[in-house]
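For reference, Swiss-Prot has these:
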- 1-70: region 'Disordered' (REGION)
- 1-16: compositional bias 'Basic residues' (COMPBIAS)
- G261, I281, L290: S-adenosyl-L-methionine binding site (BINDING)
Amino acid sequence: MAGNSRRRGAVRKAGTKKGPTVGSGGQRRRGLEGRGPTPPAHLRPNHPAAKRAQSPPRRPAKRTEETETVLGRNPVLECLRAGVPATALYVALGTEADERLTESVSRAADSGISILEVPRADLDRMTGNHLHQGIALQVPPYIYAHPDDLLEAAAGSPPALLVALDNISDPRNLGAIVRSVAAFGGHGVLIPQRRSASVTAVAWRTSAGAAARIPVARATNLTRTLQDWADRGLRVIGLDAGGDTTLDDLDGSDPLVVVVGSEGKGLSRLVRQNCDEVVSIPMAGSAESLNASVAAGVVLAEISRQRRG
C-alpha cells in the first residue's frame, strides 16, 4: 500500500531478496542408504541419553538419624532424671532460674554433659522458634543393634525371650514395652526400620532407663527376620484379640518371640501368617482390647511366672 511505503522496513532494499531454499540434492538421504533405521537415542555414542545410560547409577542417599532437641523445663528435667544420653544442655542468657532449671544444670554437670549459655536469639534459631522456656537438651541419635545381636544377648541364659513390634507408632508404647521386657527377663526388642516409632527421648524417658540395658534392633524386613528366627528354633507368638488360643494355654517355656501388633490395626497379614500361634488375652467385662504396651506387659508377666515356676 502506498500509505505504508514510508514505514521503516516496509520497502525491501535492492539485492536483499531471499532466493529459494536450497537443499542437499538428496545427498544426505543417499548417504544414509544401507545403514538401516536410526538407532534409539541411548545407543548413539554422542547422544546425551547414551552418556546418561553409561554413567554409573546414583547411589540412594544414606538414611541417617538426626540429633534430637528436647525443649522446655519439665521435659528436659525428666530426660535428665531418666538418664537419657545427651551431649549438650543449652541455656539462654538472662533466663530466670527456678528449681527445675537449677536441677537440670546440676544433673547435666554431674553427668558430664556440656552446658552452654547462648543468646536467646541463637536458641530461638536452633529450636525453630518453638517454645523452649530458655532451655534445650541435645540428644544424639540412638545406636540400634543388629537383629543377630538380640540372639547373642539371649545365648547362654534361660530360653530366649524377645519382643517384636509390628508397626507400633507411639514412642511411649515403645518405651513402655522396653521397660516391661527389662522387668520380666526379656533379652531385646525388634522394630521395623520403616513405619515404626523410634527410640527417641520420649521413648527413652518412658522406659525409665531400661533403654540403656535392653538392646533395640531394627529389621529391614520384619517378616523375613521372624522367618529367620523361626528357622533358628524360636517360636513366634502373635498377640491379637481374635487369637486361636488364650494366654491361659500358652506354654512359655520354649524360646519365644512375642509379636505385638500396631495400636490401631493389630498384626499385619504377612506377620500373622508367619506366627506359629496367635494368642488372645482373656478379659472380664465389656473391655474389647488392651493398649499395646499393656498387652505386652501382661503376656511377658505370664511367661516370666511360668519360667519361675
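Cβ atoms are placed via backbone N, Cα and C, with glycine included.
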Inset, instruction - Please work out which residue of I281, L290 has the most C-beta neighbours within 10 angstroms of its C-beta, and give that one of the binding-site residues. - result: I281
Inset, instruction - For the recorded S-adenosyl-L-methionine site, whose residues are G261, I281, L290, find every other residue on that chain with a C-beta no more than 8 angstroms from the centre of their C-beta atoms, and list them by sequence position. - result: L239, D240, A241, V260, S280, S289, N291, A292, V294, A295, A296, V298, V299
Legend entry - For G261 (S-adenosyl-L-methionine binding site): intrachain residues, at least 6 apart, with Cβ closer than 8 Å: D166, N167, G238, L239, D240, L267, S268, V271, A292
Inset, instruction - Can you tell me how spread out the S-adenosyl-L-methionine site is, meaning the largest CA to CA distance among G261, I281, L290, in Å? - result: 14
